[in-house]
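**Student:** If you look up TrEMBL, you'll see 32-420 marked as domain 'Major facilitator superfamily (MFS) profile'. TrEMBL lists 63-88, 95-113, 119-135, 156-176, 182-204, 243-265, 277-296, 308-326, 332-350, 362-383, 395-414 with the feature transmembrane segment.
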Amino acid sequence: MQAAVFEVSSTAPRIEVTPQQEVQFRRKRLIHFVALCWCHFIEGSNDGSTGTLLPAIQRAYHIGFSIVALLFVSNCIGFITGAILNVYMNEKLGFGKIIVMGAISQLIGYIIIAPSPPFPVMVVGFGFIGFGFSFQNAQANGFVASLKDSMTTKLGIMHAAYGLGAFLSPFLATYFSTQPHWSFHYIVLASIATSNVVVMILVFRFRKQEDILAEGGQYAIESNNNVTPDSNLYRQILGFRSVHFLTLFSLIYTGVEVTLGGWIVTFIIEKRGGGHSAGYISSGFFGGITLGRICLMWLNKLVGERIIFFYVVLAMILEITIWFVPSIIGNAVAISFIGMLLGPMFPTLISHMTHILPKRLLTGSVGFVTGIGFSGSAILPFITGILASKYGIGSLQPLMVSMMSVMVVLWAFAKGVRRVD
C-alpha cells in the first residue's frame, strides 16, 4: 500500500505517512478541534444569556444601568489581565495547562454567581469568568490559526460554535429571567463548564501546543528569521504596527457584538414596548452571527479581507433603521441581519493575522489581540450603561453607529499593512 506524503513546511524535509497513520492523525485533529468548538460554544452560551438576564438582575438588586454595568467592568478587568499574562505564560506553561486554568477560572465564576450572592460578590464572579475566557480564547484561536489543514474554514466553524451557544442560551435565560431564582441559570452554565474542564484535561492533557499538533500529524511550526527567541516577547509582538490596529479593531468589534446582543433586549422593552419575550430577539442576533460565519465563508474566500468594509457599512445602514424605525418586528429582523454581517468579521481578522505575522509569535499575538480585544465586550457595554443612565437606552443606537464608523477606519489601516516574511 502506497504511503502518503506529509510536508511539514516549505523548507522542512518531507515525511512519509502511511494511510493508517493519516486516518489516526485525522481522528486526533478532529477531536482537538471539536474540543475547542465546545469551549467556544460555552463562551457563547455565557455571552448570549447576560443581556437577557440584565433586567432580572436590575430588579433583584434594585440597581440602575450604571451600577449593573459594573459587571462588564469586572469582566473587562479579567479579560485584560488574562490577555497580558497569556503572552508570558504561553512560553512558560504551554497550551494545555493554560486552557485548563481558563476553564477552571470560568467554572469558579459560575459557582460564585449561582447562589445569587450580594452584588459586589457577583461582580467578582464576572471577573473570574472574564479571566477564564481570556485564556481560553487566546489559546484556542492561536491553536487553530497555527493549523495547516483548512485553517480559515475551521476558524469560521469554531466561531460559529460560539454563535450557536449564544443563539440557544437566551431561550433558557428568558425562562429563568421570569423566575424568582433567576441565578439558577448559572447552575446550568456551571454544569456545562464542568464538562469543559473535563474535556480540556482529557483531550489536551496539559501538553504544549507543538506536542498536540504533532499528535495530529503537524510535526513542525514554521519559524521566522526576523524573530530572536531570547528577546522580550511583548516587545516583539508590539513591534508590529499591525498588532496595534488589529487590537483596536478587535476591541471595537467585540464591544459592538456583545453590546448589541446584551442591551438590545432592554432597548426593545423600554423603547419599543416589548415584553419578556423580547429576550428571543437576542437569540435572533446571535443566530445571525452563527449563520454568517457558516454561510458567508464562500464570499469571504472569494473577495478576501476587503469584504469587511462591505459588511460594516451595510450593518451601519441596518443599525440606523433600528434607530429611526419604531417597529419591534422590523427591529428584530434588522438585528438578525446585523448579526449575520458581523459574524464573519472575527474569523477573518484571525485569518488575516496568519498572513502578516511570523509563525513563532502567532499564538502570543493572537492571544494578545483577542484578549485585549475581548475586553471590548466589557468596555462598550459599560459605556452603554453609563450613557443609558444619563440619556436613556435610546443612546445605544448612535453609539453603535459611531463605533462601526471607527471600525471602517481601523480596518483600512490594518488591511494596508504588508505581509511579514
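Even glycines carry a Cβ here, placed using N, Cα and C.
Unlike curated records, TrEMBL annotations are generated automatically.
Describe the structural context of these features.
**Tutor:** Residues 39, 42, 46, 78, 82, 86, 89, 121-122, 124-129, 131-136, 138-140, 142-143, 183, 186-187, 189-190, 193-194, 196-197, 200-201, 204-209, 212, 363 of the same chain lie 6 or more positions beyond the ends of the transmembrane segment (95-113) yet place their CB under 8 Å from a CB of it.
For the transmembrane segment (119-135), the list of distant contacts is 43, 46, 61, 63, 67, 70-83, 86, 98-99, 101-113, 371, 374-375, 378: same-chain residues at least six beyond its ends, Cβ to Cβ under 8 Å.
The list of residues near the transmembrane segment (156-176) in space but at least 6 beyond its ends in sequence, with Cβ under 8 angstroms from a Cβ of it, reads 33, 36-38, 40-49, 51-53, 56, 140, 144, 182-185, 188, 261, 276-277, 279-280, 282-283, 286-287, 289-294, 297, 300, 339, 343-344, 346-347.
Within the chain carrying the transmembrane segment (182-204), a Cβ under 8 angstroms from the stretch's Cβ atoms is held by residues 31-32, 35, 38-39, 42, 45-46, 49, 53, 56-57, 60, 95-96, 99-100, 103-104, 106-107, 110-111, 113-116, 172-173, 176, 212, all 6 or more beyond its ends.
Beyond the transmembrane segment (243-265), the same-chain residues lying 6 or more positions past its ends with a Cβ under 8 Å from any Cβ of the stretch are 47-48, 50-52, 54-55, 166, 237, 274, 278-279, 281-282, 285-286, 289, 335, 338-339, 342, 345-346, 349, 352-353, 357, 365, 368-370, 372-381, 384-385, 388, 393, 396, 399-400, 403-404, 406-407, 410-411, 413-414, 417.
Same-chain residues lying 6 or more positions outside the transmembrane segment (308-326) and placing a CB less than 8 Å from one of its CB atoms are 271-272, 334-335, 337-338, 341-342, 344-345, 348, 397-398, 400-401, 404-405, 407-408, 411-412, 415.
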**Student:** Please give the average pLDDT for the domain 'Major facilitator superfamily (MFS) profile' (32-420) in this predicted model.
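**Tutor:** On average, pLDDT over the domain 'Major facilitator superfamily (MFS) profile' (32-420) sits at 86.
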**Student:** Near the transmembrane segment (277-296), which residues from the same chain, at least 6 beyond its ends, have a CB less than 8 A from one of its CBs?
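**Tutor:** Same-chain contacts beyond the ends: 44, 48, 51-52, 156-157, 159-160, 162-164, 166-168, 170-171, 173-174, 177, 257, 260-262, 264-265, 268-269, 328, 331-332, 335-344, 347.
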